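What TrEMBL says about this one:
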- 26-49: transmembrane segment (TRANSMEM)
- 42-291: domain 'G-protein coupled receptors family 1 profile' (DOMAIN)
- 61-83: transmembrane segment (TRANSMEM)
- 103-124: transmembrane segment (TRANSMEM)
- 145-169: transmembrane segment (TRANSMEM)
- 198-222: transmembrane segment (TRANSMEM)
- 243-261: transmembrane segment (TRANSMEM)
- 273-293: transmembrane segment (TRANSMEM)
């Protein structure tokens, strides 16, 4: 199918966002702006600390740095436009801009999912295969794994975006969301979208379920190995290196699975907007907060950096 443009089709989309909340939008603007600034400053701090402190030049923190960079761009794609729309009457987005926003949002979102899977593998090798860790997680392999996550993320995103915007849009242009996400946009198509939705759903299962299963298996082996450690202090130290990653995984995969592992016909705007706020704002905020509050190495590095 070909995309319909011009006078016969939709040339721009209207993002309804939080327009139904009336004057509360000003309060939301202040809250979301503060959270956005914390997300940017927190992730930039994590990246700077990892780059400047040589003691953090390890695979685990390398992947955390890549994740923080991805989280920054992930929020840049969504939040500035959302903040502008909270203060603006004109909330339109051109057809091309909507497709571009969806492509980059999905690209960074999938990249984050895959990076969390790789970080789970890193913890597995560190705890279960410590003697082989320098070989299995060499800098060359780490670079290849990070590059694979990014390339795979944007290839999957390209497939999803093409499947949505290859449909004709010739009716309503009101997107019942605060950004161009898959479900609210594809519902506006004026043609049968069952096959497109099915392929997108299968891609969603691959992106979310496959890394999550991998993480679960990794932590199954990790727990078994930790339980064999004789000292309580050794067990606590091993668990503490995994706790931050597990918290981020549970929130990220939990919210994303709720929204994307369903057919779009079951899309419910109110609940989904609330859950989407969680993984577009809270998860990027959680990443630096959890890793800085729960990780002593990062805490010491931050103290040293600000001490200088």
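Any Cβ shown, glycine's included, is placed from N, Cα and C.
Across 26-49, 61-83, 103-124, 145-169, the stretch most heavily in contact with the transmembrane segment (273-293), judged by Cβ pairs under 8 Å, is 26-49. Counting Cβ pairs under 8 Å to the transmembrane segment (145-169), the top-ranked stretch among 26-49, 61-83, 103-124, 198-222 is 103-124.
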